[in-house]
Amino acid sequence: MKVELQSDEYILQTMGYKQELKRSWSLFQNFCLCFSVMSIFVGIAPLYGTALITGGPVVIIFGWVVVTCITLTVALSLAEVCSAYPTSGGLYYWSAALSEPKYRSVVSFFAGWFNLIGYLTGYASTNFGLSMLLTSAITIATDGAWIATPISIVFVYLCVIVIQGLISTFAHRVINIMMMISMYWHLAGTLIIVISLLLCTRNSPQSAKFVFTDFENHTGWENSGYVVLLGLLQSQFSMTGYDSAAHMTEETQNAQRGGPISMLLAILATFVIGLIFLLSLTFSIQDYDRVISSSSIPIAQVFLDALGKLGAVLCLCILVGGVFFCGCSVVTSTSRLIYALSRDGALPFSKTLYKLHPKTKTPIAAVWAIAVAAGIMGLLYLGSSTAFLAITSVSTISLNITYGIPTLCLMFGRKNFVPGPFSLGKWSKWIGMIAIAWICFISVLFLLPTQGPVTASNMNYAIAMFGVLWILIGIYWFARGRKIFHGPIKDSEPTPTPVHDFDSAEGSIDLDGSASKQPNRYGA
């Protein structure tokens, strides 16, 4: 029996939802947003100095390659599920769909909340990075006459959040255009910086031996293996956020293919462009000791030493623009997640957060809820400069845990899973096992201290922040959540719509090339 391709709206309806968001995004536009959320400027620029002292060049370059390869196993597992369940709820909907009925509510509730926390803290980290880059550019432009203070950094941070919030309330077309600009900005900006560093560096570049073999340890820890693992923070933070493609699937045409393909393409594009960027930066280091001891953000010192005052300011401005666009992308994706969570009653004030603007069809209340939450997190920087790294770690951990929940559920709930057009076939189980092992490992790693001996000033407060969040979410679940939230799956428990032949694998994307028969969604 052959089944005709179902419309995106009908597929969404079978999952228990009606089409409310405007479905006008193409696969390419979805990819642009996902690529922008994963912004190499956000992942590399603010954390480059940290990477230089936790392993140095050899860990920076090879860590980028290793982390990308393992991240692809996680993304492949999520892409398979995204193809079956293309909804803005993304990970939390998938967790519910693949869980045992008696655990469905609690599993999806915590998956949704930690996905949201990952994005909110990631958004805060993004704009912290922007503030540091912008204030460093001002310091260089004024020849050090003006030096940023925590108050000035937080002021810039809050201003940026307000501007991004205003932009995100505009019509759908404006957001689409910005995502396109963001992608081209990242590509052109990287090209300009790389060419400038390769052709205009004032002194000779570093040797290949330095870039590919030099190991540095300025952490206070004697165990080199531990330091190497700490050096993966930069790469792993860059390789998160690709699930943003899923949060836009209710606005993407042909979402069962567009969502998973956008995820994977964004990771591959980030890997290639990021590797080129890292190589050009590391080859251009003129004085390693001066870079790691710089009073401004270390990447600014690399630009200043290599290109002089004007070149450094221009490169930093390029980075600021890219990070700003990334922030806008994160707001867009996170607001859709809040929309989906509030639609099912998982959040406080769900009725308000769920509302869409009648003309633009965008969740404006959700946008400003993000701005308020990020603004509160920004105030933590006034108390401790280590807040940036702690928030970055919490973002990385929260997102990876959320990636692991549906992946784990799929491993145990495969018998009830009907794949979409993107299927891993017989490789799904093995790829999922690698993904789960990596997620467990990396989540523990980023709770550990990065500097030794541990003191109040250099402690990794991520573990404290993460623990508090667990407690607060747990309290909310037992006090209210379990009474009003029953999971995104409705009582009828609709199953996903297969969009290819039930009797053949024609039209599907099956990595093992098999033509396994797909079960009929209606039980035939």
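Backbone N, Cα and C define each Cβ position, glycine as well.
Annotation source TrEMBL lists transmembrane segment at 27-49 (among others). Here the transmembrane segment (27-49) has Cβ contacts under 8 Å with residues 60, 125-126, 128-129, 132-133, 176, 179-180, 182-183, 186, 189-190, 233-235, 237-242, 244-245, 248-249, 252-254, 257-259, 261-263, 265-267, 269-270, 273-274, 277-278, 281, 291-292, 294, 297-299, 302, 319, 322-323, 325-326, 328-330, 332-333, 388, 392 of the same chain, all six or more residues outside its ends.
Here TrEMBL flags 61-85 (among others) as transmembrane segment. Panel annotation: around the transmembrane segment (61-85), residues 15, 51, 55, 91, 93-94, 97-98, 211-212, 228, 231-232, 234-236, 238-239, 242-243, 245-246, 249, 256-257, 259-261, 263-264, 267, 270-271, 274-275, 278-279, 282, 400, 403-404, 406-407, 410, 417-424, 428, 431-432, 434-435, 438-439, 496, 509, 511 of the same chain, lying at least six beyond its termini, place a Cβ under 8 Å from a Cβ of the stretch.
Through the fold, the transmembrane segment (145-171) approaches residues 127-128, 130-132, 134-136, 138-139, 178, 295-296, 324, 327-328, 331-332, 335, 357, 359-360, 362, 364, 367-368, 370-371, 374-375, 378-379, 381-382, 385 of its own chain, all at least 6 residues removed from its boundaries and within a Cβ separation under 8 Å. Per TrEMBL, transmembrane segment is recorded for 145-171 (among others).
Marked as transmembrane segment by TrEMBL: 183-204 (among others). Long-range neighbours of the transmembrane segment (183-204) within the same chain, counting only residues 6 or more positions beyond its ends whose Cβ lies under 8 Å from a Cβ of the stretch, are 31-32, 35-36, 39-41, 273, 276-277, 280-281, 283-284, 286, 305-308, 311, 315, 318-319, 321-322, 325.
Taken from TrEMBL, the feature transmembrane segment covers 263-285 (among others).
For 310-341 (among others), the entry in TrEMBL reads transmembrane segment.
Panel annotation: around the transmembrane segment (362-382), residues 120-121, 123-124, 127-128, 150-151, 153-154, 157-158, 161-162, 164-165, 168-169, 171-172, 175, 331, 334-336, 338-339, 342, 349, 352-356, 388, 391 of the same chain, lying at least six beyond its termini, place a Cβ under 8 Å from a Cβ of the stretch. For 362-382 (among others), the entry in TrEMBL reads transmembrane segment.
Nonlocal intrachain contacts for the transmembrane segment (388-410), taken as residues 6+ away from its ends with a CB within less than 8 angstroms of a stretch CB, comprise 46-47, 50, 74, 77-78, 80-81, 91-92, 94-95, 98-99, 107, 110-111, 114-115, 117-119, 121-122, 124-125, 128-129, 132, 233, 236-237, 240-241, 243, 377, 380-381, 417, 428, 432, 435-436, 439-440, 442-443, 446-447, 450, 460-462, 465-466, 469. The transmembrane segment feature in TrEMBL is assigned to 388-410 (among others).
If you look up TrEMBL, you'll see 430-449 (among others) marked as transmembrane segment. Same-chain residues lying 6 or more positions outside the transmembrane segment (430-449) and placing a CB less than 8 Å from one of its CB atoms are 70-71, 73-74, 76-77, 229-230, 232-233, 236, 393, 396-397, 400-401, 403-404, 407-408, 410-411, 424, 458-460, 462-463, 466.
Look at TrEMBL and you will find 461-479 (among others) tagged as transmembrane segment.
According to TrEMBL, the feature region 'Disordered' maps to 494-524.
Annotated compositional bias 'Polar residues' per TrEMBL: 515-524, in sequence order.
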